[in-house]
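Below is one structure, written out as structure tokens; comments come after it.
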Amino acid sequence: MHELSIAESIIELLEEHAVTHKFKKVTKIILEIGVLAGIEKSALFFCFDVAAQNSLAEGAELLIEDKLAQGVCQNCHLQVTTTGWYEPCPYCGQLLINITEGEQMKIKSLEVEN
């Protein structure tokens, strides 16, 4: 379950930002996760609650926004949006899409208290 290590990394990032930006508590976190990131959202919610115990993020609301994948078709060279690895190009039908975006995860926004 790599979601636990992801949740722990999020807490570490929050603690680093708390020192830099001088806040004491996180009340809300919005993550943006690519649909191809391989992260199980329900597991991440559970693991985040566990990792946040006794931290500045304990009790924080965690929201996750999906980010669609983007790619470029190697056949027709058009940029396409996709939700899976092996979907055909909507323009030419070929299965030759190079994924350029959609595997990442980022903290999109935070709500904090001083």
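Just so it is clear, glycine is given a Cβ too, placed from its N, Cα and C backbone atoms.
Now, the feature entries from Swiss-Prot:
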BINDING   H2  Ni(2+) binding site
BINDING   C73, C76, C89, C92  Zn(2+) binding site
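Overlay of Swiss-Prot feature records on the structure.
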| residue | record | Cβ contacts under 8 Å, 6 or more apart |
| --- | --- | --- |
| H2 | Ni(2+) binding site | I39 |
| C73 | Zn(2+) binding site | V80, C89, Y91, C92, Q94, L96, I97, N98 |
| C76 | Zn(2+) binding site | C89, Y91, C92, Q94 |
Seminar exercise, completed: Students should find that the Cβ of C89 (Zn(2+) binding site) has, within 10 Å, a number of other Cβ atoms equal to 20
Exercise. Neighbourhood of the Zn(2+) site (C73, C76, C89, C92): other residues with Cβ within 8 Å of the Cβ centroid, in order?
Worked result: Q74, N75, H77, L78, V80, P90, Y91, G93, Q94, L96, I97
Exercise. If H, G and I count as helix, E and B as strand, and all else as coil, what does DSSP give for H2 (Ni(2+) binding site)?
Worked result: helix
